[in-house]
């Protein structure tokens, strides 16, 4: 169910962008948006945005296996491993580092805009429950999660381990709490029978991906501790595989925005900037 604040209104519209958060400017309204220089479905832009980290991370892993296998899989235990860790794959070698940083930095602005779009969406859902602070908390967690992703991508484990470790920890903690809070908001404010097919699909995938995400990080912790304590061959690669599942389940969770705003459009205009609309 798309929030009403997203809809275009007839007549002389307000100068501010929807929700007052993205691309507000002069000359807004129906006429301005209809005459926008560029208009694209939100879903198409969401898919293109998500494909950047998906493809970027896959490239980093494959390239590391092909050209940096020995170095990327080396650990202090000096035992055989067949998959590089997340940090080794994206940050220790070139061109992997450049590809990953490009994919993250290029998709980040749209992700920040979606965070504020979701804030207004959740405010609408929570308006009758008198728990609007949950919407603001979810937005803050989403922004910290994305900022931490940018941070751990720019400060890699090889050039600044302490900052990378802090950013990675913040990314994991904030992403899990955010995902759980979003599922809780939807569970609290929505009735299954009143949802559209797209909304049901979005909520179903959110729940499943949250479970996969939490399970993957628990497995990652287990394999990491086991590797450090026993130095068994292949265990660190299972830790790396758990990291991969964590990353892709996180991306998949954010991809459910495709169904949450399935009818939305994004308008680009050189004067008024970027606008989200439900029509």
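Numbers here mean position along the shown chain, with the first residue as 1.
Note: Cβ is positioned from N, Cα and C throughout, glycine not excepted.
Automatic, uncurated: that is what TrEMBL annotation is.
The structure displayed is predicted, hence computed values, not measured ones.
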**Fill in**
TrEMBL record, transmembrane segment, of the ranges 168-188, 231-251, 252-272 the matching one is 168-188
**Request:** Among 111-133, 134-156, find the range that TrEMBL records as transmembrane segment.
**Result:** 134-156
